[in-house]
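The structure under discussion appears below in the form of structure tokens.
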Amino acid sequence: MGSMCIAMAPRTLLLLIGCQLALGFNEPLNVVSHLSDDWFLFGDSRSDCSYVENNGHPAFDWLDLPQELCHSGKISAKSGNSLFKSFHFTDWYNYTGEGDQVIFYEGVNFSPSHGFKCLAEGDNKRWMGNKARFYALVYKKMAYYRSLSFVNVSYSYGGKAKPTAICKDNTLTLNNPTFISKESNYVDYYYESDANFTLEGCDEFIVPLCVFNGHSRGSSSDPANKYYMDSQMYYNMDTGVFYGFNSTLDVGNTAQNPGLDLTCIYYALTPGNYKAVSLEYLLTIPSKAICLRKPKRFMPVQVVDSRWNNAKHSDNMTAVACQTPYCLFRNTSSGYNGSTHDVHHGGFHFRKLLSGLLYNVSCIAQQGAFFYNNVSSQWPVLGYGQCPTAANIEFIAPVCLYDPLPVILLGVLLGIAVLIIVFLLFYFMTDSGVRLHEA
């Protein structure tokens, strides 16, 4: 159909316009896809083929991922997990993958339905904010890097106090960052403490810097039973750069004054020697980091909406985190409705959305994927690849530069058509005048 439109364009501009507008040719597909075979997907149970194969779900009805991709080597997924959950907690999976075009379909396994709070009177909304900030940095950085993996971070602490698991609930225990207990020779938490850690082996490291966002009560060994304001920082000993912040809210961990919980900011740090410093309350040190390697030319990541069926409470933090130009968000117009296994897996519309992984496309854009690169009923917004209506599209942040040649050619054709029409009108008018004169 596209070849016919191009072949007929010199004969009539109207047919070309008809192909583009009236027929809606080459409309963007609401799928997640890729420009080449150099792609990778990070997922959870909806793309965890190993879980399906080991548990014998018939016809792979558990998955949203096309079954044909199960042994492609392009998937890193774990049932019941997510990048955020693995980054912060003891229940983790070693997500590892590499590709030019990176796709994320995970995140739902840490949501309001789990209701995680550090403390009894904590605030799950704080953790939703942490989740959004975490994914925002991951998405942005993976638009510039090929490889993502997890690494452990070792530290050196000069005191005698040991790590403490202060932040946990019935199912999850936080171990990133690591909390160092109060030294026994201090009667309260009003003292400065520090520890050294080294980041090496990656181009950049994503690490958390977290503080309790209010007034923290001291331990039972604190005779004054005081409240403390948390203050943490990281200091790059090679460059002299500080990263840090203090708690600012008037909240606590009591029924009368609830809301005390961890607020985390995420930094992409370069390799080097660092010092973690606490000016008051507990010293925290990163124990895990996301390792970013192999810089690449800019390529936006694609994120598929990760949510439960309406029977469970979901959040939209991955959508909040996925911002253009470095991230393109994919969603469906309907809720998640699972098929034969349960309501949370094997959703028809999400299977259709992920079916685009079975083939390459010419262009990915904000509206979706364009299969052809010649003409389209819609001009690609933030397009990347060989996009329709342009011979070449390159991203120079944040402006798309379109090749003007097709537009120039259309203008030339329009000019020629006008000249031909004028010539024919003049010819027939002259010919009619001659015939009338002869008659």
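Backbone N, Cα and C atoms are what each Cβ position is placed from, and that goes for glycine too.
Annotation comment: Swiss-Prot describes 23-407 as topological domain 'Virion surface'.
The annotation active site, nucleophile is assigned in Swiss-Prot to Ser45. DSSP gives Ser45 (active site, nucleophile) a helix state. Packing around Ser45 (active site, nucleophile) is summarised by its Cβ count: 20 other Cβ atoms lie within 10 angstroms of its Cβ, all protein chains included.
Look at Swiss-Prot and you will find Asn94 (among others) tagged as N-linked glycosylation site. A coil conformation is recorded for Asn94 (N-linked glycosylation site) in the three-state DSSP classification, outside any helix or strand. Here Asn94 (N-linked glycosylation site) comes close to Ser86, Ser149, Phe150: these same-chain residues lie at least six apart in sequence, with C-beta atoms under 8 angstroms from its C-beta.
Long-range C-beta contacts of Asn152 (N-linked glycosylation site), restricted to its own chain and to partners at least six residues apart, with a cutoff below 8 Å, comprise Ser287, Lys288. Look at Swiss-Prot and you will find Asn152 (among others) tagged as N-linked glycosylation site.
For Asn196 (N-linked glycosylation site), the count of additional Cβ atoms within 10 Å of its Cβ stands at 16 [all protein chains shown]. If you look up Swiss-Prot, you'll see Asn196 (among others) marked as N-linked glycosylation site, on the strength of sequence analysis.
For Asn246 (among others), the entry in Swiss-Prot reads N-linked glycosylation site.
The feature region 'Esterase domain 2' is assigned by Swiss-Prot to 282-395, with sequence analysis given as support.
Annotation comment: Swiss-Prot describes Asn316 (among others) as N-linked glycosylation site. DSSP assigns Asn316 (N-linked glycosylation site) to coil in the three-state reduction, outside any helix or strand.
In the three-state DSSP classification, Asn331 (N-linked glycosylation site) falls within coil. Summarising the annotation, Swiss-Prot assigns N-linked glycosylation site to Asn331 (among others).
The annotation N-linked glycosylation site is assigned in Swiss-Prot to Asn337 (among others) on the grounds of sequence analysis. Using a 10 Å Cβ-Cβ cutoff, Asn337 (N-linked glycosylation site) registers 15 neighbours.
The N-linked glycosylation site annotation in Swiss-Prot covers Asn360 (among others) and is backed by sequence analysis. Counting only same-chain residues six or more apart in sequence, the Cβ atoms lying under 8 angstroms from the Cβ of Asn360 (N-linked glycosylation site) belong to Ser33, His34, Leu35, Ser36, Asp37.
Its Cβ taken as reference, Asn374 (N-linked glycosylation site) is surrounded by 20 other Cβ atoms within 10 Å in the chains shown. According to Swiss-Prot, the N-linked glycosylation site annotation covers Asn374 (among others).
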For Asn196 (N-linked glycosylation site), the one of Ser45, Asn337, Asn374 that lies nearest, given that the recorded positions are compared by Cα
Ser45
For Asn331 (N-linked glycosylation site) and Asn316 (N-linked glycosylation site), what Cα-Cα distance in Å is obtained after rounding to a whole number?
11
Using the alpha carbons only, what distance in Å do you get between Asn316 (N-linked glycosylation site) and Asn374 (N-linked glycosylation site) once rounded?
35
Could you break down the residues of the region 'Esterase domain 2' (282-395) into DSSP helix, strand and coil, giving a count for each?
16 helix, 31 strand, 67 coil
For Asn246 (N-linked glycosylation site), which DSSP three-state class applies?
strand
Shortest C-alpha distance to Asn337 (N-linked glycosylation site) - which of the recorded positions Ser45, Asn246, Asn374
Ser45
